[in-house]
């Protein structure tokens, strides 16, 4: 999760987020190079006192400043398209999770298991534990196995919502009457926090999401305890 005065991106917890961070650094480096070059040219232009009365055109420089930006755009567009297809590819998911957005909470269903479904509400500030995070902790966390391909189906029951986990590089809009899907792969255990990133009304930002990434055997035990029963406590507690 983000911490105080964190100016960069969160530490990645999935291969897709690693690729997003790489592309961010790649694009930022190109922008810095362009900014330095244009700034240098403008600085030299202001202090240049040479005047050529017979200079009417410069076809060579015009060709350069037309072709060079096109090449630079290709260096940005090609990695961007590759990453776009990587984010859209879903390859044999191990677990399918369905997320339904409500005002102002999320409902979850484990589609591969019978009757494992629950609602996830934000914990009010006056009910938080000493180690809890205000506006981010929930009463029922999503428990998912690490090192497994996860598919998530997102929809909404009332207005548009957005299921977003920055550390995993996941952002899916939940639209009423429509089912969207994406995938992610968690490569380490831990707690990953997110929020609804759409603005559709008052208190809409207070729809936190908490994923608890656990080893596969812990996930199997948790599922076994919760099939045909209400959601139990998380494996890490």
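Quick reminder: no glycine exception, Cβ is built from N, Cα and C everywhere.
Note that TrEMBL annotation is computational and uncurated.
Annotated domain 'Cytochrome oxidase subunit II transmembrane region profile' per TrEMBL: 1-91, in sequence order.
Taken from TrEMBL, the feature domain 'Cytochrome oxidase subunit II copper A binding' applies to 92-225.
Summarising the annotation, TrEMBL assigns transmembrane segment to 27-51 (among others). Panel annotation: around the transmembrane segment (27-51), residues 72, 75-76 of the same chain, lying at least six beyond its termini, place a Cβ under 8 Å from a Cβ of the stretch.
Under the heading transmembrane segment, TrEMBL lists 63-87 (among others).
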- Note on the structure: Same-chain residues at least 6 beyond the ends of the transmembrane segment (63-87) with a Cβ under 8 Å from one of its Cβ atoms are 16, 19-20, 23, 26-27, 30, 34, 169, 182
- What is the number of residues in the domain 'Cytochrome oxidase subunit II copper A binding' (92-225) that are helix, strand and coil, as DSSP sees it? 16 helix, 63 strand, 55 coil
- Query: For the domain 'Cytochrome oxidase subunit II copper A binding' (92-225), what's the model's average pLDDT?
  - Reply: 90
